[in-house]
Amino acid sequence: MHRTHLAGELRSHHVGQTVTLSGWVARRRDHGGVIFIDLRDRSGLAQVVFRDSDVAAQAHHLRSEYCIRVTGVVDARPEGSENPNLDSGAIELNVNELTILNSSEALPFQIDDQSSSGEVGEETRLKYRYLDLRRKTQHDALVLRSNVNQAARSVLLKHDFHEIETPTLTRSTPEGARDFLVPARLRPGSFYALPQSPQLFKQLLMVGGMERYFQIARCYRDEDFRADRQPEFTQLDVEMSFVDQDDVISVAEEILTAIWKEIGYDIPTPIPRMTYADAMKYYGSDKPDLRFDIKIVECTEFFANTTFRVFQNPYVGAIVMEDGASQPRRQLDAWQDWAKQRGAKGLAYILVGDDGQLSGPVAKNITDAEREGIADHVGAKPGDCIFFAAGDAKSSRALLGAARGEVARKLGLIKEGDWAFTWVVDAPLFEPAADATAEGDVALGHSAWTAVHHAFTSPKPECMDSFDKDPGSALSYAYDIVCNGNEIGGGSIRIHRSDVQQRVFNVMGISDEEAQEKFGFLLEAMKFGAPPHGGIAFGWDRIVSLLGGFESIRDVIAFPKSGGGVDPLTDAPAPITPEQRKESGIDAKPKKKETKN
């Protein structure tokens, strides 16, 4: 038997018992011939002591991360030597038998949570990820992830959902983000694609009458490198038949409530909702951080007749930085550099003195009437600073949205342990293709319009008859869940009629012929009594990183990729041999399909 107990579970009531522990040498100390070892296993640490001369001689050879088994008697630590920072700190194991299960070479870095993780480069940590996972913080991250999986499953199974696996080898639909392609050896010149999401298959499951589906799904996107993105990621995927938006949101809130309970936090429900239009108007983002109460104030009408050329723009907006008037000039100059790094020309400002008098470059260039009224208009008090952005509404609001977050950080308005959730609903169904980024399953078509979420999102009922006549005004039957400024999930009521789906494709510039070639199986399925259905997908990596307080999703993935999609541990991706290339049929030309007469 390798063990009778776990190291971190030994307590005072075990005193006098003979136990066997197995684990790793976390720390070794010699004190006058007596050797002390901190033994680590998955449960934590226990102090083991080698006093017997024979086992002490054997223990003399132990080094960090040796894998060992020890048997001995649990003793109470001598008075005054207890360790209150250790769960097992009231006891020690007096060893009478030691077995070295495996030795360890010199470590590339110390496995010690007390030292700053920043002292070890991430590339090194990922190259030796199996050692990095022995650190308590990394171990606990994966345990948390497992617990979160179980909590979500429990909620869904209680509501009669079925956990169903969908294919990971499917057909490429190149209108979205780039697919990872897999050569089909038995059909030379043809390729599978790894799925960017289970979207189409879960809709087909609804057509198939499963009614309630979920899956902790692996998804793949061959995107250009962006910070804190992974080429393979996980989402909790949920789909339901015969539901409306409120039904899906209700189940989603129950899932969120269950998983946040894993860290001891009760989410107040129902979670508030705001429209996409209000999110952009007041927060400059479709994923607003509501942990602090700073709102954008529109000033376009206020400056409608201004002589100040900077404000002679389609949009003028402002935010207020409380007590910001006392900032030194170098800090105000730093704000300009900050704005320019985001593609803006700068960040105009007015300082409101303690006496209410205005100063700064903007104050000198606006009219007396504007000077008299601007502080009241934006809600600024003596001692505050008003920041402005002017230009087109989208980019100006985005700049002010970023600025409100920066102001909150500088003023210490974001408190550790604060959580703020909101649903963002009624997003546009389409956006101009020039403004789009390919993030959905079918994000880009060939026309002036592309889908904001994806091409299978239903228009809102009131837009059903007009969305293809006036795409710019159409609203989607979609809902995104936002936590602390992070979009952690998104879903929609889906299109379940083939005629509506084809109309959406047409708005996106996807012809009937192209739609039939790429999505004919879905369009055909919709003709066989497809039910109304909808669902949601949660970004599982992001959620677990938020729950655990991690800066990066890489910390909550067992074996993540580093920048550029490289795995330092296995050195993937790697070249293949000429034989593999030939056998896979990568370079073969696909056979033309025979046309039927």
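Including glycine, each Cβ sits where the backbone N, Cα and C put it.
Given the ranges 199-202, 251-254, 463-466, 547-550, the record in Swiss-Prot names 199-202 as region 'Aspartate'. Swiss-Prot names R221, D222, E223, Q230, G539, W540, D541, R542 for binding ATP. Of E163, E165, E298, E487, the residue it gives for the same site is E487. Least crowded of the recorded positions (H31, R221), judged by neighbouring Cβ atoms within 10 Å of its own Cβ: H31. The binding-site residues under consideration are H453, R494, R542. Their Cβ neighbour counts within 10 Å are lowest for R542.
A distance of 15 Å separates the Cα atom of R221 (L-aspartate binding site) from that of W540 (ATP binding site). Largest Cα-Cα distance over the residues recorded as binding ATP, namely R221, D222, E223, Q230, E487, G539, W540, D541, R542, equals 20 Å. The candidate set comprises the recorded positions G80, E487, W540. Of these, W540 has the most other Cβ atoms within 10 Å.
In this structure, the CA atom of H453 (L-aspartate binding site) is 13 Å away from the CA atom of E487 (ATP binding site).
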